[in-house]
Amino acid sequence: MASKSFKASISDLSTASDVLDSQNGKPPLPPQARVTFARRTSSGRYVNFSRDDLDSELGSSDYLNYTVHIPPTPDNQPSNPVSQKVEEQYVSSSLFTGGYNSITRAHLMDKVIDSDANHPQMAGVKGSSCAINGCDGKAMSDERGNDILPCECDFKICRDCYIDVLKTGEGICPGCKEQYKTTDLNEALENWRSLPQLPPPSGMSKMERRLSLMKSSKSFLMRNQTGDFDHNRWLFETKGTYGYGNAIWPKDDGFENGKDDDIVEPSEFMNKPWRPLTRKLKIPAAIISPYRYNASNCRPNGSSWVLLGMESSPSNNDAIWLWGMSIVCEIWFAFSWILDQLPKLCPVNRATDLNVLKDKFETPNPGNPMGKSDLPGVDVFVSTADPEKEPPLVTANTILSILAADYPVEKLACYVSDDGGALLTFEAMAEAASFANMWVPFCRKHKIEPRNPESYFNLKKDPTKNKVLSDFVKDRRRVKREYDEFKVRINSLPDSIRRRSDAYHAREELIAMKEQRLKKEDEPVEAVKIKKATWMADGTHWPGTWLTPAADHSKGDHAGIIQVMLKPPSDEPLRGIGEEYSVIDLSNVDIRLPMLVYVSREKRPGYDHNKKAGAMNALVRASAIMSNGPFILNLDCDHYIYNSQAMREGMCFMMDRGGDRICYVQFPQRFEGIDPSDRYANRNTVFFDGNMRALDGLQGPVYVGTGCLFRRIALYGFDPPRAKEHSAGFCSCCFGHRKKHAGIANTPEENRALRMGDSDDEEMNLSLAPKMFGNSNLLIDSIPVAEFQGRPLADHPSVKNGRLPGALTIPREPLDASTIAEAISVISCWYEDKTEWGQRVGWIYGSVTEDVVTGYRMHNRGWKSVYCITKRDAFRGTAPINLTDRLHQVLRWATGSVEIFFSRNNAFLASSRMKVLQRIAYLNVGIYPFTSVFLIVYCFLPALSLFSGQFIVQTLNVTFLIYLLIITITLCALAVLEVKWSGIELEEWWRNEQFWLIGGTSAHLAAVFQGLLKVIAGVEISFTLTSKSAGDEDEDDFADLYMVKWTSLMIPPIVITMVNLIAIAVGVSRTIYSVIPQWSRLLGGVFFSFWVLAHLYPFAKGLMGRRGRTPTIVYVWSGLIAITISLLWVAINPPSGANQNQIGGSFQFP
């Protein structure tokens, strides 16, 4: 095929953005604005396109030579011609790269992985080759992967060659030399369609077509919000037909039938009761009332009781310093306890109704006669950064669980962010996409749970339980065999990539030596040094990070990469084939797969890439251009979907009445691979089942970094709808509500939905959008679409800011090369410069705990969040069970909290839209690490008491003991009641208390010093990724639990343990050998020392490792610390009768 060359030109979008930037005083884009598309074939040939040429070729009037007078309705939507499907195949088979000062290229890959790929949606799928000499492209195919043959001679031809033949070859078939029956390209494509389809109307851009339904619905929504009528009572199926389905169009006074002129009313719909999607379940009063009473009287009164007890005891003037230290610590503990306890006074439980969700959104009704899915789209983000610490097999299993989720296939898209740009991750994702061809239909056919293959095949229960199909055992055995082979391929990828790269490198060296010999025939040949590149399966250089880092190919310096692993599925179900042609029988199973995209943002030296938050913001922008799902689910690479209906559970809250004010739905984190005793409180059930459930009764739970379903428009920094209606100010109870501005009150709600600022009269100015969101017009144009598609159904008069039923049944726009190129530009390293990304828009920068800050900003703008606890765990992941890894994880969280406390995200500076108790909860998030300073002093008090022979009171009289007993019993009763309403076990509560002291005396204390260093001296803090286990079957499941890795964080707990043990020995010896034993002082000190040691028991057990194997460094440190403390104590308090002028009393070194 003759190559086509076009003159590169600046795209319309880039030009428009530059003009807009010039008007706003913002400098235009860098020189990267000149974008060229280059299709590289395996033969090394490039076919170059500019964006203008692509747009003119794919969207020219030749394809749109007639207009349709039938307006688009939910059951009569324009479909995409085969040319667009072929374009999608071209896009999904190309690896797009680009970035700052570089050309955007589309590398057409003949194969993505070494193994075969046979699903028609997958990139690199094996297909027929073009029969034109010199062309190595693939023949045109339909959605099933079948060849499209334009001539009766069955001559196979690719898309580019076919266009060339029709445009320049007078329509002569290159095979039989006969003229094609249809020489008009558009007419030829029409003949290939299996069903009558309508092209998009001419004269409209892609974004205008996507907005057309929303614009036509404006009058519907305005009338619904004013309450004049409920459109669902009028919009219903009639006897008259219009186009391919039925349609009803509104008149000024109401709805009229498609045939008759009488205004009609569906009596059957009026009689149907409206049902909510969610319910709020209150905690029984018999449990919550005693809890609230004890919580309000426990710690404050307990502190006063202890003080009264101390005053009733004889004063101990010799230990006034001991008494003062204990009082200061007790006061701080009381303050910290109040901050922790107040937000827990209003816990709630919630329940969803999935049957109602299906009835409203996926059942034929007047607004959706065909019963297509009316659910909004969901973009799932999976983040990974280092394939060595985050094994690709773990990430691949997470991807497979997402692709197999029980959600409409055409509404689901999965984006994998590889922040390391590793070829290993890329090929592992391609292998996962290939294996999904069998795994996903198998899950749908037999309703498999969980849909993570590694977890499913490791289940201990009977797999045949509740399985009704007779071929389940046979299918499971075959899929298990395929999965074992899949794991072998994944685990062998590192060696395969290394061997492949070595082979290609050796070939390149030989070629270079031959060229050198030809140039210098008589001279001796010197060794040729060539950069050792990393090679892909199709024999080209990997544009990301190389195994041997080089310029433009290292972790912090590589181009942006986007690969559509699985192209967007068709709108209609695609049934599989029978058992005679496949491993398992899929004849009655939908084999479509959700869209899967690999993304690695551009990184260059000199740019702050903002770690995970920057990677997530890059995904937000890229997904907005490619799929623009109004909701975003973010997951860590080791957190997979354990409940296939988890997204539907979350959607119940978003689509319910008032759901438009919910910014995110947070799911609890559940973990696998935890030791049965949960030694280090890895499950963290006290927080996830107690604190988070309690916050759900306020303004909502905090965002914890994973397992969260976001509303895209909330991530963009917009205020919630009806913000002033729900937030009248901090002192509204005293000064009343302010009146709304008259102009704003008369503005339609859909025009007021996109609003920023603290007042209702501050609406979004689209001319200023590039200053906030950047120069991408496609990104800016997608914002109102995402806002509209994320609205709940307006199926009740009380539903405000709703949308029409059936509005989201239109098929998704196909991907084209210009769209992917725009996505490449928004993930470049320079795109966020002089924008609000990371400041107000997207994930917030400036903290190692970007998740908490991001959720805080949303709550601060008036949004609400919801906590969704499902009967079957929604997601499951892994947690570090090693002591050192666990301490480093807690250190990272605590350091982020200290950063929050010293930043403008401190809850003291929150706006009036945040509720008081919610503000206290966020205040506690920033303050809790500082408790470590008082906690470590408190842990040394018993030892100091035993060393000095004094106690905080002169004697343990009855009054003091009674007060102490009362406060102890009250605290225990409070703990039991909290365990009762939260549903956790008492052992879990005790493990949490133990690790609170372990973390408080180690990681929290270090976090305070690190945070102060960053604030005062500007010392940046860096953390390493927490290693994830790949789950090797040959190793012990809990091998990491017994592994001891030394860290400086262990020093404070070791010191506390050794000092208290030595103090107990000193106290007992002194009391036994004294003339007048002071048993009361000994008992008081020993009791509190044992209290400290009981909390540190898991830490001491962790130091022992397996079978008591303790590292030598522990003994060395323990001995040195014990000797030092003993010498210091002898020097400070020498024995009686010794020479006081001699340091150390009578103690002398020999």
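Residue 1 is the first one shown; counting continues down the chain.
Glycine residues also receive a Cβ, built from the backbone N, Cα and C atoms like all the rest.
Note that the coordinates shown come from a computational prediction; the quantities given were computed from them, not determined experimentally.
Per TrEMBL, these features apply:
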- 1-25: compositional bias 'Polar residues' (COMPBIAS)
- 1-33: region 'Disordered' (REGION)
- Ser383, Lys389, Glu390, Asp419, Lys611: UDP-alpha-D-glucose binding site (BINDING)
- Asp419: active site (ACT_SITE)
- Asp851: active site (ACT_SITE)
- 921-944: transmembrane segment (TRANSMEM)
- 956-977: transmembrane segment (TRANSMEM)
- 1049-1073: transmembrane segment (TRANSMEM)
- 1079-1100: transmembrane segment (TRANSMEM)
- 1112-1132: transmembrane segment (TRANSMEM)
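Maximum C-alpha to C-alpha distance over the listed UDP-alpha-D-glucose-binding residues Ser383, Lys389, Glu390, Asp419, Lys611 is 16 Å. Cα to Cα, Glu390 (UDP-alpha-D-glucose binding site) and Asp851 (active site) are separated by 20 Å. Neighbours of Lys611 (UDP-alpha-D-glucose binding site), defined as other CB atoms within 10 A of its CB across all chains, total 16. Asp851 (active site) is 12 Å away from Lys611 (UDP-alpha-D-glucose binding site) when you measure Cα to Cα. Within the same chain, residues at least 6 positions away in sequence whose Cβ sits under 8 Å from that of Ser383 (UDP-alpha-D-glucose binding site) are Ser417, Asp419, Lys612, Ala615, Met616, Leu619, Asn634, Leu635, Asp636, Cys637. If you take the Cα of Asp851 (active site) and the Cα of Lys389 (UDP-alpha-D-glucose binding site), they are about 21 angstrom apart, rounded to a whole number.
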